[in-house]
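First up is the structure itself, then whatever we jot down about it.
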Amino acid sequence: MIIKPRVRGFICVTTHPAGCEANVKQQIDYVEAKGPVVNGPKKVLVIGSSTGYGLAARITAAFGSGADTLGVFFERPGSESKPGTAGWYNSAAFEKFAHEKGLYARSINGDAFSDEVKRLTIETIKRDLGKVDLVVYSLAAPRRTHPKSGEVFSSTLKPIGKSVSFRGLDTDKEVIKDVVLEAASDQEVADTVAVMGGEDWQMWIDALLEADVLADGAKTTAFTYLGEKITHDIYWNGSIGAAKKDLDQKVLGIRDKLAPLGGDARVSVLKAVVTQASSAIPMMPLYLSLLFKVMKEQGTHEGCIEQVDGLYRESLYGAEPRLDEEGRLRADYKELQPEVQSRVEELWDKVTNENLYELTDFAGYKSEFLNLFGFEVAGVDYEQDVNPDVQIANLIQA
């Protein structure tokens, strides 16, 4: 079939398998051009490995370090009549290229919050890898069924303590609008922490330790975003921020548990990028469109693969990691440069419907958004028939 993009709100309901494959190949090419990651990981588990930063972490491990990788994700395959999710096609492409290189690459499709997926993962590590030396935690999910109580928690994106009004960008209508977000209730904050906080990361590491599948010197990292004051009211100081602060608490206990192995646990702070998760945050499309404009002008623009590749080389496996006073690894420093943030702030209130394309890089934002789903990727012929029914060999289905 011939597949065209169909966008509804902050999601594209169609995906293009050939475009997703080309997108993965571009990321692989970027990492390989940088050369090997010195002293990089050899056997890697990526929890949330199919899109965005998690996919970039899997690509960097495999093609920067020659690592065997096991990926965990929750994606939907395509059929002859309907495309699957982008994460499915990304993972199929990743495995194809990894196998061509002679690397081990297997994936588990299921709910990473569940005990069953943790059990399947441990079984697979024992059978195929023995032990892993890096665990990347990169889950973005709207809800979580607690594996012990069965309770279902949903995350919300709201400020804490007071309602907040701010400028936003309606990406469908391409108009600037004022948005008001009501304050989260205590229950909503607690539920968001239950979904997006550090408890599940801790459960994963506890399960892996108990099963004795973490190698000596094993590292683990979970990804976070801090941002600057423009986004603080709805992000860092909001319900999502409460979950991210929980990561900062939980990492301390995880680090202590890995100490006997000579291991380490760190939260890694990455820059704002276009992902399916970030496009759902009301102010992010406008912020990102301005950020892209400013950072491209300054020659410092980066996407997921540039960020994660740099994180591995500089901090996770670098001689002098970039640490902040909280002990987090920082890869977001270019975004937070005062000259970047002050310019974004200066332009923030000047953007109108008329000058949207002139003052911001909304065109670049839209293009990167479509790239997520396999569209507008260079070198892909979108008039060609493609088969949406793509298999992932040796997939372990939970």
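Keep in mind that glycine also has a Cβ here, set from the backbone N, Cα and C atoms.
Remember, predicted model here, so these are calculated numbers, not experimental data.
Annotated active site, proton donor per Swiss-Prot: Y235, in sequence order, evidence recorded as sequence analysis. According to DSSP, Y235 (active site, proton donor) sits in a coil region rather than a helix or strand. Taking a C-beta cut-off of under 8 angstroms and a sequence separation of 6 or more, Y235 (active site, proton donor) has the following same-chain neighbours: Y225, G227, G241, I281.
Secondary structure at F74 (NAD(+) binding site), taken from DSSP and collapsed to helix, strand or coil, is coil. Non-local contacts of F74 (NAD(+) binding site) by the CB criterion (under 8 A, 6+ apart in sequence, same chain) comprise N109, G110, D111, A112, A141. As annotated by Swiss-Prot, NAD(+) binding site applies to 48-53, 74-75, 111-112, 139-140, K244, 273-275.
In the structure as shown, the Cβ atom of Y225 (substrate binding site) sits within 10 Å of 22 other Cβ atoms. The substrate binding site annotation in Swiss-Prot covers Y225 and is backed by sequence analysis.
The site 'Plays an important role in discriminating NADH against NADPH' annotation in Swiss-Prot covers E75. Its Cβ taken as reference, E75 (site 'Plays an important role in discriminating NADH against NADPH') is surrounded by 21 other Cβ atoms within 10 Å in the chains shown.
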Give the distance between the Cα atoms of G52 (NAD(+) binding site) and E75 (site 'Plays an important role in discriminating NADH against NADPH'), rounded to the nearest whole Å.
14
C-alpha of G48 (NAD(+) binding site) to C-alpha of E75 (site 'Plays an important role in discriminating NADH against NADPH'): distance in Å?
10
